[in-house]
Amino acid sequence: MTSHCNDEEVLPMASGRDGNGNTEKKIAMERRLGLVDGIAMIVGSIVGSGIFISPKGVLQSAGSAGLSIIVWASCGFISFVGAICYAELGTMINSSGGDYAYLGEAYGPLPAFLYLWAALLIIIPVSNAIIALAFANYILQPIWGTCSPSDSAVRLVAAFAVGVLAYINCCNMRWVAKLQTVFMAAKVIALGLVISTGCIAYFIQGESRGFQKPFENTTTDPSLIALSFYSGLFSFAGWNCLNFVAEEVREPHKNLPRAIFISMPIITIVYVMTNVAYLIVLTPEEILNSSAVAVTFGDHVYSSFTWVIQVLVAISALGTLHSSIFSSSRIFFVGARNGHLPGAIALISIGNLTPIPSILFMGGLTMIMLVITDVYVLINYTSFVEATFVAAAVGGMLWLRRKRPDVPRPIKVNLVYPIAFFVVSIFLVFFPVFSSPMEVVTAVGIIVTAIPVFYFCIARKSKPKWISSASSKCTVLCQKIFLAVPESIGEKTL
C-alpha cells in the first residue's frame, strides 16, 4: 500500500549533521528488536490473564476434562498455523501495521481502512481496557480480602496502569524491550509455579482429582464444541503481535519467523500442562464453580498465600497490556502515515524515535473505554470483528500468491496451511451469526460506518478546507509539544 501524506500535513523534517559535518536527514523508528525481544513480545502478548480464567469456559462447553485438554492442544495448533501464515505475510510485506498493511496490499485502501476503523473503535481500546481492568482487579483483590474491590478503585488503577505504560513506551525503546523481558520472566514463574505445584500434588495424592473419569459428560453438540474452541482461542490471542512492529525487528526475514516457531509450540505445551495441573488439584465441578481458576487453585494448595498467585496473575495481565500498547500504537501510526488518519498521529519524536502522538492517541481511546460502564459487553463484538479481518488477511495471502507470484517470499508455507486456517477462520466468523446475531449485526454496522468516512475524508481529492486546515494546525501543534516530525529516510518523507 503506497505511503503518502496530504500536502497540508507534510511539515519540515528535522535535520542534523553527522561527525563529518554532512547534513543528515533520518527520522525513523529503529530496528532494535532482536530474536529474544520478539519471543518475549509474543509470549507477553499471549500469556495474560486468559490462561488463568478461560479454563472454565473451555471445560464448561467441552463437558469433560479429557475433551477440554484436546481442545487446548488443538487451539494451540490452530494458532500456530495462523502464526506461520502471518510469518509469510510479514516477511513478504515488510511493513508495520499487521492486518492493516496486509489488507491494503491484497485488496486496496478501503478494506485496510475498514480494519483501521474497527481497530480504532472496537478492537484495540476494548481489548486494552479489559486487560487493564483484569490487572486492577487482581492487584487489588489481596487488599480487599474476601470482598470485591470497588468499581471506582478498579477503574482508577486500570487508568493509572495504562498511563504509566504509555509513558514508558513514549520514552525509550530500550526500556520497552527490557520491561517486556521482565514481564515474560514473571509469566514463566507464574505458570511454572502452577505446573510444579500440580506435579507435587499428584505425587502426594497419588491420583488426579479431575481425571477420575476423563471423558465423562463429553458433549456431542457441535455448537458447544465450537464454543469451547472460541474460549480456548481467546487465550491464544496475540500470536500475530510481532507483525504489527515488523519495521522495528532486526533482520525480520529471519527473526520474525524464528520467534514464531520458538514461542508458539512452547506456549501450547505450557498451556496444556497448566490445565493438566489445574485438573490434578481441582475437580471439574470446582473449576466450573470458580470465577478465577488460578485463585481457586491457589486456595487449595497455598491457603493463606493465595495472594502470591493473584499478584503473579496481575503482573501477567500488566505484561500483556504493555505488549498491546506497544504493538497496537503502530497500527495507528502506519494508518496516519498512509493518510488514513490525521497526520499528527504519524509524527516521530526526534529525541526518542518513538511515535509519541500515536501512543497517546491509543492510550486516550483506552481511557475512554475505561469510563464506559458496560465495557465488558463490547468484548462480544471484538472476537467476531478480529476473526473477520484475520480471515480476510489469510484470504489475501492466498490472493497474493496468484496476484504477485514473483514477489520474494523468504518464508513460503505449504498452501495446505493457509487454506485450512482460512476455513477455520470462516467458521469462527459465521458461527456467531447463529449464536449471537444481534452482536454480529451491531459489529457489521460499526464497520460499515467507515465507508462514508473513507469516501468523504480520504478518497475525495478536493477535501473541505476546514478539514485540511484543522489537520495541519493539529500537526503543527503536536510537532511543537512533542518535538516530533514526520518519518523521513534520507530525503524522503513518508
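Cβ from N, Cα, C; glycine included.
Taken from TrEMBL, the feature region 'Disordered' applies to 1-22.
Marked as transmembrane segment by TrEMBL: 33-53 (among others).
Long-range Cβ contacts of the transmembrane segment (65-87) within its own chain (Cβ-Cβ under 8 Å, at least 6 residues beyond either end) map to 55, 58-59, 98, 210-211, 214-215, 218-219, 225, 228-229, 232-233, 235-236, 239-240, 243, 256-257, 260-261, 264-265, 267-269, 271-272, 275-276, 279, 284, 390, 393-394, 397, 411, 413, 417-418, 420-421, 424-425. If you look up TrEMBL, you'll see 65-87 (among others) marked as transmembrane segment.
Within the chain, the transmembrane segment (114-140) has long-range Cβ neighbours (under 8 A, six or more residues past its boundaries) at 48-49, 53, 99-100, 103, 149, 153-159, 161-162, 237, 292, 310-311, 313-314, 317-318, 320-321, 324-325, 328, 331-332, 335, 340-341, 362, 365-366, 368-370, 372, 375-376, 378-379, 381-382, 385-386, 389, 392, 443, 446-447, 449-451, 453-454. Here TrEMBL flags 114-140 (among others) as transmembrane segment.
Residues of the same chain lying 6 or more positions beyond the ends of the transmembrane segment (152-170) and with a Cβ under 8 Å from any Cβ of it are 128-129, 132-133, 135-137, 139-140, 176, 179, 318, 321-322, 325-326, 329, 349, 352, 354, 356, 359-360, 362-363, 366-367, 370-371. Annotation comment: TrEMBL describes 152-170 (among others) as transmembrane segment.
Look at TrEMBL and you will find 182-204 (among others) tagged as transmembrane segment. Same-chain residues lying 6 or more positions outside the transmembrane segment (182-204) and placing a CB less than 8 Å from one of its CB atoms are 39-40, 43-44, 47, 51-52, 270, 273-274, 276-278, 280-281, 294, 297, 301, 308-309, 312-313, 315-316, 318-319, 322-323.
For 224-246 (among others), the entry in TrEMBL reads transmembrane segment. With a threshold of 8 Å between CB atoms, the same-chain residues lying at least 6 positions outside the transmembrane segment (224-246) that come near it are 33, 38, 41-42, 45-46, 48, 50-51, 54, 57-63, 67-68, 71-72, 74-76, 78-80, 82-83, 86, 89-90, 94-99, 127, 252, 256, 259-260, 264, 267, 271, 320, 323-324, 326-328, 330-331, 383, 386, 390, 427-428, 431, 435.
Feature annotation from TrEMBL assigns transmembrane segment to 258-281 (among others).
Sequence annotations record features per position, and here TrEMBL assigns transmembrane segment to 301-323 (among others).
The annotation transmembrane segment is assigned in TrEMBL to 344-372 (among others). Within its own chain, the transmembrane segment (344-372) has Cβ neighbours under 8 Å at 5, 9, 14, 27-30, 120, 124-126, 128-129, 132-133, 155, 158-159, 162-163, 166, 169-173, 325, 328-330, 332-333, 335-337, 378, 471, 474-475, 477-479, 482-487, 494, counting only residues six or more beyond its boundaries.
Proximity of distant same-chain residues to the transmembrane segment (378-401), defined by a Cβ-Cβ separation under 8 Å and at least 6 residues beyond the stretch ends, is recorded for 82, 85-86, 88-89, 92, 99, 102-103, 105-107, 111, 115, 118, 122-123, 126-127, 130, 230, 234, 237, 240, 369, 372, 407, 415, 418-419, 421-422, 425-426, 428-429, 432, 436, 439-440, 442-443, 446-447. What TrEMBL records for 378-401 (among others) is transmembrane segment.
Sequence annotations record features per position, and here TrEMBL assigns transmembrane segment to 413-434 (among others).
Counting only same-chain residues 6+ beyond the ends of the transmembrane segment (440-458), those with a CB under 8 A from a CB of the stretch are 109-110, 113-114, 116-118, 121-122, 339-340, 381, 384-385, 432-433, 467. Under the heading transmembrane segment, TrEMBL lists 440-458 (among others).
Between the transmembrane segment (301-323) and the stretches 33-53, 258-281, 413-434, the greatest number of Cβ pairs separated by less than 8 Å involves 33-53.
Among residues of the same chain six or more beyond the transmembrane segment (33-53), those with a C-beta under 8 A of the stretch's C-beta atoms are 131, 134-135, 138, 177, 180-181, 183-184, 187, 190-191, 234-239, 241-242, 245, 248-250, 255-256, 258-260, 262-264, 266-267, 270-271, 274, 292-295, 313, 316-317, 319-324, 326-327.
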